[in-house]
Structures are given as structure tokens and as C-alpha cells.
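If you check TrEMBL, you get these features:
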ACT_SITE  B:80  active site, charge relay system
ACT_SITE  B:155  active site, charge relay system
ACT_SITE  B:179  active site, acyl-ester intermediate
DOMAIN    B:25-466  domain 'Amidase'
């Protein structure tokens with residue numbers, strides 16, 4: 001049985017902010033199904049009393065002194081922007097009329 | 001044609017110091033090889049010839065002034081295009097970053113420059129370092145210098161091909177699940193993935209932050225040790241970078257008499273090519289003749305490491321790659337009605353298939369209904385891998401196995417089967433999950449192509465695994481001279497990523 005449906009792939013694509021085409025959904029549905037079945041093997045290991053590891057470095061809350069340090073120049077930070085405007089990053093409309 | 005850049009960095013360093021050759025001559029030679037061979041190999045995405053020549057001139061002038069220069073001064077080095085370089089285009093192999101010029105240098109790059117290394121260009125790679133063959137590049141596949149019909153391995157395939165073809169003397173790659181070690185093994189090179197935290201990740205375009213690590217790819221162990229020394233060390237800009245003395249060249253030739261070596265039997269997987277297994281076994285026999293105490297051992301969780309990795313890495317990637325949204329840099333799809341449509345279309349147009357797959361797999365593994373079954377389980381399996389390794393290191397100083405289950409495969413062989421592609425990394429992933437250092441050293445050939453033997457040890461045991469690799473290298477006698485005799489190879493195929 002497939003672990004993932006076409007509709008779920010379309011939903012995942014939306015969550016992932018990918019405007020996939022219908023053909024891509026067909027292709028990805030089969031591939032994601034194979035991948036998810038392969039990685040589901042993690043469920044075969046007995047890990048009942050084993051804690052999770054998210055990271056290999058035993059560091060918590062690395063802080064520095066609260067002082068102004070060198071940072072990226074504003075114009076340099078904006079230099080790669082697709083549509084800089086008046087020292088800001090401009091984007092298309094965020095809210096439609098009435099929202 | 002002979003090229004100065006065909007030699008090792010330590011040999012050239014001596015020649016430079018003795019005044020037998022200048023950094024300018026050496027850099028010219030490397031750039032000449034790039035010009036003659038890059039069309040066939042597609043290993044460089046950007047060649048920084050002007051900057052390289054002026055950096056070489058500066059090194060020669062410093063030497064003439066009598067300044068004390070380090071062992072990397074004047075050595076032509078290639079840098080994987082996932083490390084940002086100030087003023088030099090950086091794409092991470094993705095169309096979404098085509099033409100992006102970073103405003104700063106990655107710390108590893110900055111340290112290379114401080115060491116006087118000459119950066120000749122940025123190398124091709126699987127898009128965002130996701131792949132094992134370099135065929136996932138948005139700018140076309142890289143071809144293996146020994147056989148143009150084959151892949152160089154990935155994701156640091158351009159860096160591997162560059163060093164194996166003499167386009168550079170050494171290179172930086174990055175390794176998330178084997179991306180330094182696999183291409184190095186395929187192309188007959190030495191490469192070390194350092195302990196997680198050894199090298200700063202600042203300026204490394206993130207794929208999976210808990211796994212990513214920068215490391216050297218070289219023609220021999222001495223060069224790997226030297227280059228690793230140059231890029232190691234704490235960096236306040238990377239909170240996970242650690243301070244540990246980085247002296248890897250002293251005592252490299254001390255030998256391995258009495259070294260306790262464990263052969264991890266799980267790394268000799270079912271689908272492994274028999275000739276590759278045989279070559280690795282011959283390498284292990286050499287460790288025995290060198291005086292090591294070799295015994296087989298078992299780490300059962302290694303069988304599940306690949307699955308755990310392909311949950312954890314995509315989960316982290318799905319979050320890390322959210323930054324490519326067409327707002328601050330990179331590609332923006334025009335004419336979208338609103339900001340969400342702009343982001344969705346920019347990402348759809350800019351990302352390749354493998355990147356989309358991994359983002360979706362990661363999003364799935366992190367979503368409410370599946371988090372426990374996938375992400376949480378995978379992180380616990382990661383703990384089991386770490387614990388089994390810790391137990392093994394009570395009996396062994398280092399562990400060994402193959403670097404890859406196969407030799408360099410044919411272009412196109414695995415592109416339509418993502419899971420078959422993932423299997424190429426089966427022997428390199430456990431070390432990434434545990435954050436331990438691992439080195440691959442070429443030990444011979446199978447079917448005429450290079451085979452790597454992998455040596456790995458506890459956190460911060462780089463000096464020890466380098467010493468073992470050095471001893472093995474001396475006895476294996478692998479011919480690491482660059483190959484540029486492409487004549488007997490099949491004609492290059494069409495470049496899949498090119499429009």
C-alpha cells in the first residue's frame with residue numbers, strides 16, 4: 001500500500017511553498033512513496049528508552065557580550081536583492097483587498 | 001602535458017621556498033589545465049583567474065620581502081561552490097542562486113586566504129550538496145577524469161574531479177553524509193571529514209546544520225593534514241565550532257604498531273561490489289602487516305543509519321532552505337499576484353527535483369501526524385549509533401571499512417531511482433550522524449577504478465586516523481598523479497542541467 005497519496009503530495013508541496021505541476025505530483029508521489037517506505041525502517045529499532053539526539057555538540061545557549069560588533073554594511077546586504085527599494089526588500093502584495 | 005600543479009602541496013611548498021618555482025608560475029599552470037580540460041569535466045562553475053593571479057603575485061612579493069609563509073602559501077586550491085566567497089559568484093549548484101555574489105567570505109575561505117592559498121575557482125556540486133553523483137547540479141553533471149562516461153561522485157564532485165585532473169593541487173569540499181569522502185574515493189583521492197565543530201560552518205550554505213562539515217580533498221595524507229590545520233579552529237561566528245589544538249602533521253609518520261583496529265562488518269553491505277570488498281580487504285591486510293592489531297567487530301545500528309539520515313537531513317533541509325524565497329537574494333519569479341505566489345513560483349523554478357523531494361520528505365517527517373514515527377525515531381536511532389560507537393572505542397583505537405560499496409558508476413545509471421542513489425552513501429553516513437572524524441585513503445583499483453578505505457575514530461581523533469591513513473598510503477603505493485588522458489573515455493554526454 002502506498003504511504004502517501006497524490007493529494008498528500010499536493011498538500012506537502014503547498015506547505016513547502018513549491019508550485020509543482022500536475023506531472024510533477026505524479027512523479028513525486030511515486031518517488032516519495034519509495035523514499036518514505038525505505039526510511040520507515042527507523043521504526044524497526046528498539047528505542048523505547050533511548051533519548052533523542054538533535055546535535056553532536058554539547059553546547060547550550062552560547063552567548064556573547066551585548067556589545068555592538070562589526071556587521072554587514074546595509075548596501076552590501078541589499079546588493080543581491082531582486083527588488084530593493086528605498087533601503088528595503090520590496091515584495092509583491094502581502095494582503096489582498098478586504099483581508 | 002606536464003603541469004606544476006600535478007604535484008602535491010608539500011612538494012610544491014618546498015619548491016616555492018627554495019625559489020625553484022613561483023606562485024605565479026604555479027597558478028598559471030593550474031589555470032591553464034582548467035582552460036584545457038574544464039569543457040570535458042565541467043568541474044568548475046566559476047574560474048577566478050584574475051583574483052588568483054593577483055593573489056599569487058602577492059605571495060611571491062611577500063616571499064621576496066622575506067616574510068615567513070605557511071605550507072599552503074602559493075598553492076592553487078579549488079573551493080566547492082557551497083562556501084561563500086566575497087565578490088565571487090556562489091551558487092551552491094542551484095539555479096535559484098545563479099549569479100549570486102556574496103558580500104563576505106566563509107570562515108574556511110578566509111583562513112585559506114590568510115594561509116596564502118590561491119583560490120583558482122568554485123567547483124560544481126550536487127544542488128545544495130544533495131546527491132552522490134554530482135548529476136543533481138543545476139549547471140550540468142561533472143565527468144570523472146579517469147572515465148568521462150562515469151560520475152565523479154557527489155556532492156563535492158567538482159572538487160574531486162579538479163584535484164584528480166590537476167586543475168588544482170587541493171580542494172575544499174563539504175560533507176553532510178559522505179559528500180567529501182565518496183567523491184574522493186571514486187576519484188582516487190584522500191579526504192577527511194573532520195569532527196563536527198572542528199571547522200567553522202560560517203558561510204557554508206546550510207543543508208543539514210547538525211551534520212554539515214567542511215574538509216580537505218587532496219592527493220595525499222600529508223596534504224590533507226596540512227590543509228585541515230589551515231582551516232581548523234574556533235570561530236565566534238559559528239556557535240557550534242570548538243577549540244581544540246590542530247596539529248596533524250607532527251608525528252604523521254610514527255607508524256601504527258599496536259594500533260587496535262576494528263573492522264566494522266556491517267559496512268560490508270549485501271549489495272557491495274565483490275571487487276571493491278576484495279580491494280578493501282587487501283588494504284586491511286596491509287594494516288596487519290604494518291603491525292596493527294586487527295579484529296572484526298559489529299555495530300548493528302549501522303544498518304539503520306541510512307534511513308535515519310534520510311529523515312534527519314531532509315528535515316533540517318526543509319527548514320534551512322526556507323530562506324530561498326525570492327526576497328533577499330537569488331531568483332525571483334516575475335509577475336506573481338501576491339507574495340506567497342511569488343515564493344512558490346520562485347522555488348518551483350529555482351530548485352531541481354532532488355531538492356524538491358528532500359524538502360517535501362523533510363516537511364512530511366516534521367508534520368504533526370508523522371513526527372513521532374519518523375523524526376523522533378530517527379533522532380533516537382542516531383543516539384543508538386553514537387552509543388554503539390562509544391562502546392566500540394573502548395576496545396579499538398580506530399575503526400575501518402569501505403568508503404563506498406561500489407566504484408564510480410556510469411552517468412545516468414541512478415538518476416531516476418533516488419533510493420539507489422542514496423545507497424552510495426551507505427558506508428559514510430554513520431560517522432556523519434555521530435559527528436566523528438573519518439578519512440578515506442585510496443588503496444587500489446577495482447575494475448580499473450579507484451577504491452577508498454575508510455578509517456574513523458572518536459571525536460577529535462584526527463591526528464590518529466591521519467597517522468593510520470599515512471601508514472596505509474605508504475604501503476599501498478597508489479598512483480595519485482592527475483589524469484588528463486581523456487582520449488580512451490566515452491564522449492561526454494549531454495549536460496542534463498543545461499537549458
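In case you wondered, yes, glycine gets a Cβ from its N, Cα and C as well.
Annotated features taken from TrEMBL, shown on the structure.
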residue	record	DSSP class
B:80	active site, charge relay system	strand
B:155	active site, charge relay system	coil
B:179	active site, acyl-ester intermediate	coil
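It is 5 Å from the Cα atom of residue B:179 (active site, acyl-ester intermediate) to that of residue B:155 (active site, charge relay system). Residues near residue B:80 (active site, charge relay system) in space but far in sequence (CB under 8 A, at least 6 apart, same chain), listed by position: B:122, B:123, B:125, B:156, B:158, B:159, B:171, B:172, B:173, B:174. The average per-residue pLDDT of the prediction over the domain 'Amidase' (B:25-466) is 97, rounded to a whole number.
Neighbour list (residue B:155 (active site, charge relay system), Cβ cut-off 8 Å, at least 6 residues apart, same chain): B:93, B:125, B:126, B:129, B:130, B:131, B:132, B:134, B:136, B:174, B:176, B:179, B:183. Residue B:179 (active site, acyl-ester intermediate) counts 37 other C-beta atoms within 10 Å of its own C-beta, drawing on all protein chains shown.
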